[in-house]
Amino acid sequence: GLELSHYVGASSLGPAVPWRSGGPCKMKRVRTVFKPEQLERLEQEFLKQQYMVGTERVDLAATLHLTETQVKVWFQNRRIKWRKQSMEQKAAKLSQFGVIQPATADSTDIKDHEEDTVDVEL
């Protein structure tokens, strides 16, 4: 037969993945806890631009003593939060004017973006 590792790439993961094994299917990652100074700087950068790429992300990560992946994931998650807040503000404005939005529209939009939410630390 064929080995499963050839299909799932188990050997390519290597030891650097920060997962703790609690059993065959129970995997738990280590959650990044940001310092207040790091969060303040990340928020400042987000106000300037919602997308941080390339050397800017590398430089910011180095300045904040974070990995590039941590910065990338923080920006991804922050964009999701920003979109959700924008939708809530729009809904609040519409309700002031007596316009009722269907409940399915909000939940559908949020579901579409949930797959973008990633919180992984390497």
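Quick reminder: no glycine exception, Cβ is built from N, Cα and C everywhere.
Feature annotations, reproduced from TrEMBL:
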DNA_BIND  27-86  DNA-binding region
DOMAIN    25-85  domain 'Homeobox'
*Tally the residues of the DNA-binding region (27-86) by DSSP class, grouping H, G and I as helix, E and B as strand, and everything else as coil.*
43 helix, 3 strand, 14 coil
*Per-residue pLDDT averaged over the DNA-binding region (27-86) comes to what?*
94
